[in-house]
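Listed in TrEMBL for this protein:
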{"type": "TRANSMEM", "residues": "A:7-28", "note": "transmembrane segment"}
{"type": "TRANSMEM", "residues": "A:61-79", "note": "transmembrane segment"}
{"type": "TRANSMEM", "residues": "A:91-111", "note": "transmembrane segment"}
{"type": "TRANSMEM", "residues": "A:118-138", "note": "transmembrane segment"}
{"type": "TRANSMEM", "residues": "A:144-168", "note": "transmembrane segment"}
{"type": "TRANSMEM", "residues": "A:189-210", "note": "transmembrane segment"}
{"type": "TRANSMEM", "residues": "A:241-269", "note": "transmembrane segment"}
{"type": "TRANSMEM", "residues": "A:281-303", "note": "transmembrane segment"}
{"type": "TRANSMEM", "residues": "A:309-329", "note": "transmembrane segment"}
Amino acid sequence: MKPDRNTLLLNIVLLAGVVVLSGMSLVWGETRIMVWQALGDILAGRHGAGAIIVEQLRLPRALLAIMVGGTLGLSGAVLQGYLRNPLADPGILGVSGGAALGAVSVFYTGLMQVSVMALPLGGLAGALCAVVVLMGLVGRGGTLVLLLAGAALSSFAAALTALVLNLVPSPYASFEIMHWLMGSLTDRTFTHVWICLPGVVCGMLLMLSAGRALDALTLGEDVAESLGFRLHGVCGMQTRIVLGAALSVGSCVAVSGAIGFVGLVVPHLLRPLTGYQPSRLLVPSALGGSLLLLGADMVVRVVSAGTELQLGVLTALVGAPVFFIRVIMLKRTGS
Amino acid sequence: MTLLRANGVSLRRGGRAVVSGASLTLGKGRVVGLIGPNGAGKSTFMRMLAGLQAPDCGQIDLLGRNIGQIPPGLRARQLAFMPQDGEKPPPMSVRSLVALGRMPHGQMNAQAARHPAVTHALAATGLQNLCARPASHLSGGERARMNLARALATDTPVILADEPIAALDPAHALSMMHLFRQQAGQGKGVVIVLHDLVLATRFCDDLVLMDRGSVIRHGSPMQVLDDDIMRTVYGVTVRRVGDAIVPWALCR
């Protein structure tokens, strides 16, 4: 059938884009290197300057862009499908706020001095605490309870983060916190990749398993349940979606900071190309998110002179106008 | 043969009895009309019959087995449910949405959309010319027909429909009721919530009349709908036209 072929073609194009941009992000940067030579050095176990830059800086950065972008795109598509609201984004769960609070607490307590890994681990701890609180609050409640619990958690985490910012003694630490909250992939290493990977993989698998149920849900909860899907309860679709999105997004925010608009814009742009079917949107959204973040990260590296532009700032600068354009189109077409 | 049987089913919400000791029996080849004034508990009772809401007490058996103990996947192959006021559908094509009815059989996407049951359901509901149209562009009546087509595509022995003709013009309402009768003629059992008593008396084998959460009368349309009950339950006087009973004037 046509839409199946279209979706397959879209996936191939997006995957090719991810592969090309990944390759380019290894080549592109402040220091010019011969990438083939650097890759040859890595394979041969030699420690040339190019090999070190690729292996320790650019490769983990590209991998994180793929993982974080993919997670944000996928969780945006899943949450929009589940809540049947095209304006839902991963931030509504409040887990990003929890991860940010965890990381900010590391700044405040001075644990940053103990190890560089204290920051992502603190973020991960904050995210996991937020997941536990969210799951406890939601229980067997429906989408309204989920939205309320997410809003409560998000507001509380934001209030505590503001409190920490208020109490932090050094203006330098304040600046560091603000900078981190804007989101970035600069100076990330393979340790960050390993910290983020388990949550991302588990979360993505949980979310991808909900595709069929999301399709059934397009006609309402009663129809989905009558078609044989369990929505609530321990093994229900809501648990899989919330746990999956929370785990993966929390893990990503812990290593990259808060990067907005990817989860909102990517599914929104790709939806018309997938026949508006939620299950068909999942893989393209993950690939599209990776593609967008790889591209944005490359732009950040090249455009920045002196102070590096933060990745989250760029995605917001690019993402917000997309909505302006959509508003204008909506007013013109009326649909 | 009994396909669906509810026995003394009750449900309380917020300290109020929404459904109280309701019973219903659906046999093979029968169309049962569930009638009653607004707020009588019909939709809640239907959700319980569909296995979507567990009763506080009483039992519901689907094909001889307690519905609460039937795995959801198997239940979906035995019973199709059309809820009241389905949500506004997304801009997916009508055929794709009707093909969702094949999900309980493990069929998805192109495989489901090509299935003969989907094609038959689209034809039976008169949607074959609209099957490529985005469902969000359908009128209320077309949407009701699409929901019926989705339920028919599952091809279950039991069909439950909650006010399926509420948004339909007289011609389409008649044609949908004929369709339900046709399904019963193929050996299926159908329960329909109806407010149109003329169509209820004409197309249903049995009526179950609910008021304030309880089944107050059940049997053939002529046994259920007499002048007294119409006056006390609905607050209207009636006039008989052939076999049908037509609400005529509001009681003062």
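Glycine is treated like the rest: Cβ placed from N, Cα and C.
The transmembrane segment (A:281-303) is not in contact with the transmembrane segment (A:144-168), judged by fewer than 3 CB-CB distances under 8 Å for residue pairs 6 or more apart in sequence.
Cβ atoms under 8 Å from those of the transmembrane segment (A:309-329) belong to residues 179, 181-185, 256-262, 264-265, 268-269, 292-293, 296-297, 299-300, 303 of the same chain, restricted to positions at least 6 beyond its ends. Counting Cβ pairs under 8 Å that are 6 or more residues apart, the transmembrane segment (A:118-138) and the transmembrane segment (A:7-28) reach fewer than 3 and are not in contact.
Of the two recorded stretches, the transmembrane segment (A:241-269) does not lie close to the transmembrane segment (A:7-28), with fewer than three CB pairs under 8 Å once pairs fewer than 6 apart in sequence are set aside.
For the transmembrane segment (A:7-28), the residues of the chain that approach it from at least six positions outside its boundaries are 35, 54, 58-59, 61-62, 65-66, 270, 273-275, 280, 283-284, 287-288, 290-291, 294-295, 297-298, 301-302, judged by C-beta separation under 8 angstroms.
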